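Copied from Swiss-Prot, the annotated features are:
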- V8, S9, G10, G11, A12, D13, S14, A15, T16, V17, L18: ATP binding site (BINDING)
- C192, C202, C205, C208: Zn(2+) binding site (BINDING)
Amino acid sequence: MKKLVNLVSGGADSATVLAIAQKMGYEIYAMSFNYGQRNNAELRKVRELVKEYNVKQHKIVNIDLRAFSGSALTDNNISVPHYHDVNELPDDVPVTYVPARNTIFLSYALGFAEVIGAKDIFIGVHTSDSANYPDCRPEYIKSFEEMANLATNMGVQGKKITIHTPLIDMTKEQIIRTGLELGVDYKNTISCYEPTEDDLSCGTCLACMIRLDAFKKNDIQDPIKYV
């Protein structure tokens, strides 16, 4: 059975990617990060989420991206923006962008992949995020894959490493629809940037607004609880 490293955050996108990877028949090695994020709820959710899939091993890596701050997700001095309507959402890079986060996460995944002999890495970046987050763009993923094959022993031996982005051409609406078709139970996910201590989602941050809109367009109620 082919092995893969699957980056898993505990959000709806991650759950969908896990379901896709399982359907494709991979032996899944999941990797998550405790990086000093404001949303600790995602780590609690991800532990439950991976139990629903045939995950061979789940690693939670501790790193502290608060060391250089620069994001509302890692710096409590920067407020998370809240909105009243999905049409208010920004078109540019928001303060919730964590500098170089996907590069850091993919680098860890790459190292893990080499150790276990996996030539495939899955990450849940997609079209809906590409305008707001530069490290979610297809050209970024392509460049990282090229670097991965130049910078690793596997790559120079001709064992090509592939960064898979199964959601890349999907909107959030399509991602939720795909997950529902694959039987994903989204109640064990959380997308909120600023949930309460008892894991209630705020419903008004960028991530919540996009998620709620996607469920609405699929004519189904989001199963998680909101404030």
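The chain as shown is numbered from 1 upward.
Every residue, even glycine, has its Cβ placed from backbone N, Cα and C.
On the structure: features taken from Swiss-Prot.
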{"residue": "V8", "record": "ATP binding site", "Cβ neighbours (10 Å)": "30"}
{"residue": "G10", "record": "ATP binding site", "Cβ neighbours (10 Å)": "23"}
{"residue": "A12", "record": "ATP binding site", "Cβ neighbours (10 Å)": "25"}
{"residue": "S14", "record": "ATP binding site", "Cβ neighbours (10 Å)": "26"}
{"residue": "T16", "record": "ATP binding site", "Cβ neighbours (10 Å)": "27"}
{"residue": "L18", "record": "ATP binding site", "Cβ neighbours (10 Å)": "26"}
{"residue": "C192", "record": "Zn(2+) binding site", "Cβ neighbours (10 Å)": "26"}
{"residue": "C202", "record": "Zn(2+) binding site", "Cβ neighbours (10 Å)": "17"}
{"residue": "C205", "record": "Zn(2+) binding site", "Cβ neighbours (10 Å)": "24"}
{"residue": "C208", "record": "Zn(2+) binding site", "Cβ neighbours (10 Å)": "24"}
With H, G and I counted as helix, E and B as strand and the rest as coil, say where DSSP puts S14 (ATP binding site). helix
How long is the line from the C-alpha of L18 (ATP binding site) to the C-alpha of C208 (Zn(2+) binding site), rounded to the nearest angstrom? 21
Cα-Cα separation of C205 (Zn(2+) binding site) and T16 (ATP binding site), in Å? 21
Check C208 (Zn(2+) binding site) against DSSP and tell me helix, strand or coil, would you? helix
Starting from the ATP site formed by V8, S9, G10, G11, A12, D13, S14, A15, T16, V17, L18, give every other residue of that chain whose CB sits within 8 Å of the mean position of their CB atoms, in sequence order. L49, G124, T189
Nearest to C208 (Zn(2+) binding site) by Cα, among G10, A12, S14, T16 (binding-site residues)? A12
